[in-house]
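What follows is a set of notes on a single structure, which appears directly below.
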Amino acid sequence: MRISRSSSSRVPPSKTQRTHREEQTMYQVEAERLVSAAEERGTAALAHGGSSDRMWQRARGVARVLGKYVRFVGPGLLVSVAYMDPGNFSTAVAAGSAHRYQLLFSVLVSTVLAAFWQCLCAKLGAVTGLDLAQNCRAHFPHNVNVVLYALAEMAIIATDLAEVVGTAISLNILFGIPLPLGVVLTVVDVLVVLMAYKPNGSLRVVRWFEMFVSLLVILTVVCFTVEVFSVDVGSPQEVLRGFLPSRTVFEGDGLYLSLAILGATVMPHSLYLGSGVVQPRLRDFDIRKGYYVPSDHDRENNHPNYKPSLEAIDDAMHYTVAELLVSLFTVALFVNCSILVVAGATLHGRLSDEDTGDLFSIYNLLCSTLSKAAGTIFVLALLFSGQSAGIVCTLSGQMVSEGFLSWTIAPSVRRTLTRAVAITPCLILVLVAGRTGLSAALNASQVVLSLLLPFVSAPLLYFTGNKQIMRVPLDNTCYHVLPDDEIPLTTLRPNSAESDRSALPPLASSASPAPGFRDMSNSTLTNVLAWLLWVFVSALNFYLLISFTSGKDIHI
């Protein structure tokens with residue numbers, strides 16, 4: 001009998017064997033779970049570590065950018081001083097007392113226009129290595145330069161009128177010093193410039209000078225911060241509505257005061273200053289990189305052979321413009337708006353028929369309506385701004401005289417003479433008028449600056465839009481720009497008998513840059529916008545002149 005074997009005849013596993021296999025399976029599953037959990041924790045840790053590294057790298061990048069920005073702080077603050085000088089005090093006080101907050105729109109528009117043109121100034125100074133006055137001497141005929149120099153000196157004198165008289169008023173109120181003596185004492189800021197500002201020296205010396213002026217600016221801002229929170233400005237909505245356009249801006253004395261605000265904000269001398277204070281940092285960069293090795297002659301004559309390299313321009317341009325815009329839209333705009341708001345809150349509707357909205361009036365009302373401290377703080381702000389603006393105006397006058405003319409006398413004598421010529425009209429005005437008519441003269445000086453602005457700004461727009469002037473070599477060379485320190489006031493065109501500036505290209509704005517150069521001129525949009533703004537300002541000034549000649553009642 002055959003016995004067949006089938007699967008059913010297999011011996012089933014014992015209970016012990018089944019338990020052992022189940023334990024093995026359980027251990028295997030648990031091990032796999034632990035491995036998976038460990039992998040997940042490792043992945044998460046790596047992701048977290050990567051995220052932390054990225055955040056740390058970003059933080060270091062931001063810190064590096066901010067640190068570099070801090071190194072560029074200085075020129076923008078110097079330029080912003082021109083936008084909050086005693087002329088701004090006078091016009092803003094008159095505007096606030098007459099129209100309360102309605103002319104804040106004029107302050108805002110003037111600041112925007114100023115920022116736009118100052119960016120062009122910084123660009124011109126960085127790309128060409130010359131300030132606005134030097135560019136005029138290099139590229140314009142003799143007769144044109146004579147006219148431009150005369151207009152620039154008129155602007156310097158009109159600016160000094162405000163700085164000197166504002167400082168004299170503050171000294172008179174604070175210390176009882178007579179106005180004529182206060183005017184004479186303002187010559188001290190010339191000594192500060194002579195001793196402290198040496199543009200041909202090291203960058204450290206320049207930065208110490210900038211820090212001193214910045215301290216005066218900060219003190220001015222602190223004074224007005226305290227002042228704004230001390231007065232009752234009324235409804236915040238009313239203040240904000242002042243930043244919107246209204247008919248007041250374009251009618252009667254509102255237009256006059258708006259143009260005075262424009263002249264006090266977009267100061268002609270600031271265009272020369274803005275194009276002349278950007279070079280020290282660029283030069284320091286090129287010296288450190290070895291692109292420019294100055295000789296003793298270069299150091300003694302303010303580096304006449306130097307022109308910034310392309311790498312220096314690329315490294316500095318964005319930071320220079322950013323620092324300039326931050327300074328104008330925080331410091332200058334805040335101070336100018338604060339002056340007008342304080343004047344509008346304290347003077348509007350409170351002046352007698354015999355009184356005028358001048359600096360003496362706002363001091364007296366602040367003392368009577370708030371406290372003696374409030375009036376004193378206002379005058380301290382006037383003193384700080386007058387000193388800083390006087391220093392900056394002296395520096396601008398130096399750039400104008402050295403840029404347009406071929407001086408042969410010592411720099412100390414040159415600057416002292418320039419300042420003496422500028423303060424002489426101020427002294428005569430104070431001796432003749434005293435306090436009577438002083439406010440009107442200050443505001444009139446700002447209108448004069450507004451009338452001069454189109455003539456001073458036109459060369460700036462022309463230069464920055466010219467492809468041949470605004471070009472930079474691609475090989476980072478700092479080539480020769482000025483042959484020596486003795487250049488006659490004549491037509492300095494390349495290939496001419498009067499000049500050996502072979503490095504300067506001919507003036508042919510329609511031509512494209514040579515292959516070895518980068519074009520850094522204005523774009524078409526920038527050119528159109530710049531000239532439209534220029535036409536707008538010129539039209540307003542022309543309308544003001546027509547109003548004066550037709551006998552319309554425009555008063556302060």
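The backbone N, Cα and C atoms fix where each Cβ goes, glycine too.
Unlike curated entries, TrEMBL annotations are predicted automatically.
Taken from TrEMBL, the feature compositional bias 'Low complexity' applies to 1-14 (among others).
For 502-515 (among others), the entry in TrEMBL reads compositional bias 'Low complexity'.
The annotation region 'Disordered' is assigned in TrEMBL to 1-25 (among others).
As annotated by TrEMBL, region 'Disordered' applies to 496-515 (among others).
Annotated transmembrane segment per TrEMBL: 65-83 (among others), in sequence order.
Per TrEMBL, the feature transmembrane segment maps to 103-125 (among others).
The annotation transmembrane segment is assigned in TrEMBL to 146-169 (among others). Packing against the transmembrane segment (146-169) from elsewhere in the chain are residues 82, 85-87, 89-90, 133, 136, 140, 177, 179-180, 182-183, 185-186, 264, 267-269, 272, 359-360, 379, 382-383, 385-387, 389-390, 393, 396-397, 400-401, 404-405, 418-419, 421-423, 425-426, 429-430, 438, 441-442, 445-446, 448-449, 452, 455-456, 459, 489: each is 6 or more residues past its ends and has a CB under 8 Å from a CB in it.
Residues or ranges marked as transmembrane segment by TrEMBL: 175-197 (among others).
Positions annotated as transmembrane segment by TrEMBL: 209-234 (among others).
What TrEMBL lists as transmembrane segment is 254-273 (among others).
Sequence-distant contacts of the transmembrane segment (324-347), counting only residues of its own chain at least 6 positions beyond either end whose CB sits under 8 Å from a CB of the stretch, comprise 75-77, 79-80, 83-84, 88-89, 92-97, 99-101, 103-104, 107-108, 111, 114-115, 118-119, 122, 217, 220-221, 224-225, 227-228, 231-234, 239, 261, 265, 274, 357, 361-362, 365-366, 369-370, 378, 385. Per TrEMBL, the feature transmembrane segment maps to 324-347 (among others).
The transmembrane segment feature in TrEMBL is assigned to 373-395 (among others).
Look at TrEMBL and you will find 416-434 (among others) tagged as transmembrane segment. Within the same chain, residues 153, 156-157, 160-161, 164-165, 168, 179-180, 183-184, 186-187, 190, 194, 393-394, 397-398, 401, 409, 441 sit at least 6 positions outside the transmembrane segment (416-434) and bring their C-beta atoms closer than 8 Å to a C-beta of that stretch.
Annotation comment: TrEMBL describes 440-463 (among others) as transmembrane segment.
Per TrEMBL, the feature transmembrane segment maps to 528-546 (among others). Residues of the same chain lying 6 or more positions beyond the ends of the transmembrane segment (528-546) and with a Cβ under 8 Å from any Cβ of it are 113, 116-117, 120, 255-256, 258-259, 262, 447, 450-451, 453-454, 457-458, 461, 464-465, 522, 554.
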